[in-house]
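A short write-up of the structure that comes next.
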Amino acid sequence: MKSLTLLRSIRMRATHREITGPLQSRSFQHDFVPADPKAKPKKYKLPPFYDPYGPRPPPSDKIIQLAEKIAALPPEERMQIGPTLRERLRHPKMQSVSVDGVDLGAQGGSGPGAAKTEEKVEKTAFDIKLEKFDAAAKIKVIKEVRAFTNLGLKEAKDMVEKVPVLIKQGVSKEEANEIIEKIKAAGGVAVME
């Protein structure tokens, strides 16, 4: 009797291993050597600040006297030192950085001077927004939207049904006016933003 149950258990284990495959018999192998839990962490002597060029010798007396003379100058004359040195040493003139399209926040100045410059800038790229359309002219409006957006029928239909929606972005003023007229002729109302 015992031999029969032993034989059955051996046979069941063999079939169980075949079902689960070789992944069950693998053991996890470490890729690293575990750290000694009793070891104390290493302490490194770090400098108070990082200097990528290493230690430097102290400045000479001549440099210290020059720095003291510069510090004693009035602010108007101190502002002239940089340009004069650049000219004397023949360094290239620094290029001004363009900040067009960058939000400078409070430091950029939202005062009256900044508002005047914003008014002078003329917009060149416009967005077209479909505001509403006549329910009877829905199919015509979908055809017009498909014509200038290169969308499929389903995508154009979904876009038109989400009114108000931007239907085209970054177009010139002439192109925007043409599109608005076409949509108006089809039975829709579009605006330029």
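Each residue's number is its place along the chain shown, starting with 1.
Note that Cβ sites are derived from N, Cα and C of the backbone, with glycine treated the same way.
Features reported for this protein in TrEMBL:
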- 21-58: region 'Disordered' (REGION)
- 98-118: region 'Disordered' (REGION)
- 126-189: domain 'Large ribosomal subunit protein bL12 C-terminal' (DOMAIN)
Within the predicted model, mean pLDDT of the domain 'Large ribosomal subunit protein bL12 C-terminal' (126-189): 86
Tally of DSSP helical, extended and coil residues in the domain 'Large ribosomal subunit protein bL12 C-terminal' (126-189): 38 helix, 17 strand, 9 coil
